[in-house]
Amino acid sequence: MKITTKVLIIGSGPAGLSAAIYAARASLNPILINGIQPGGQLTITTDVENYPGFAESVQGPWLMEQMRMQAENVGTKIVNDYVEKVDLSQRPFKVSTGSRTEYEAESIIICTGAEARWLGIPTEQEFMGFGVSACATCDGFFFKNQKVVVVGGGNSAVEEALYLTNHASKVTIVHRRDNFRAEKILQERLFKNPKISVIWDHVVEEIVGNNNPKSVTGVKIQNVHTKETSLVNCSGVFVAIGHKPNTALFAEQVTMDNDNYIITTPGSTKTNIEGVFAAGDVQDKIYRQAITAAGTGCMAALEAEKFLNK
């Protein structure tokens, strides 16, 4: 089956749904392809306290459901499918999905997001949202005056640890090596902070916790040399071993940086291909927040409208 559209949005997180809302209100009749994880990363987030408009915290899945309904109510067609292949060599752009549907689009907004790199250990997924996080800015507030562990040794880990000292009583970094890869200025700030301690040459083997109520109580760590294990008591575990953008579909077509994030024109969502725009975490390695993703989704829709009206 072949379907034609003016605007095709790939991805259904805050960026994709915001783009859909603005595109629909501009009478562009957008089609949005949900992807494998409808709603994006917020669907695995419990309490959301930093999205404007809500005096009390809201649940991530509920927030994304509201965005989805809003997008549909203003005229977006949302398709439960995922993209398998993209051809951006000429307009109309061609997109093939898992259901064997072929789309031809005059413009495309890429909102496929990014995902945290996880440890891949037992109980990590079990305590996701119940003490395990990959975003200190999002979840640090919930650990006021509590002990937390940060896993990692790069810029992300050090920055997360420094941020968490604003909330936690103690921050312990567990790193598998005997030195950090982080920038020297960040390391200097970290070593000067009395709230932070570092456990070198260790890896996290297991996250320990309770089931009623579900909560983290500590991490079991192992020395990479001696193989001895020990327990570090904590209420939260922040995994900071990097993020990876979901950009494999667009490789060798859209220009990306060394970390495979899509490069956009400064102050814009335009990519190197005219008529193709990118919004949200897929082009943002710095902020990675729902509100910034939504903002760039809005920008992409407005820029797509302007492009189509040329």
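Keep in mind that glycine also has a Cβ here, set from the backbone N, Cα and C atoms.
Annotated FAD binding site per Swiss-Prot: 34-41, 281-290, in sequence order. What Swiss-Prot records for Cys135-Cys138 is disulfide bond, and it gives similarity to another entry as the kind of evidence.
Cα of Gly40 (FAD binding site) to Cα of Cys138 (disulfide bond): a distance of 15 Å. Comparing Cα positions, Cys138 (disulfide bond) lies closest to Arg288 out of the binding-site residues Asn34, Lys285, Arg288. Listed in sequence order, the binding-site residues from Asn34, Gln37, Val282, Lys285, Arg288 having a Cα within 10 Å of the Cα of Cys135 (disulfide bond) are Arg288. Ranking the binding-site residues Lys285, Arg288 by how many other Cβ atoms lie within 10 angstroms of each Cβ puts Lys285 at the bottom. When Cβ atoms from all protein chains are considered, those within 10 Å of Gln37 (FAD binding site) total 17, not counting its own. Listed in sequence order, Ser12, Ile78, Val79, Asn80, Asp81, Tyr82 are the same-chain residues six or more apart from Asn34 (FAD binding site) with CB atoms under 8 A from its CB. Sorting the recorded positions Cys135, Cys138, Val282 by the number of other Cβ atoms within 10 Å puts Val282 first.
In the three-state DSSP assignment, the secondary structure recorded for Asn34 (FAD binding site) is coil. Cys135 (disulfide bond) carries neither a helix nor a strand DSSP state and counts as coil. In this view, Gly40 (FAD binding site) is surrounded by 30 other Cβ atoms within 10 Å of its Cβ, with every protein chain counted.
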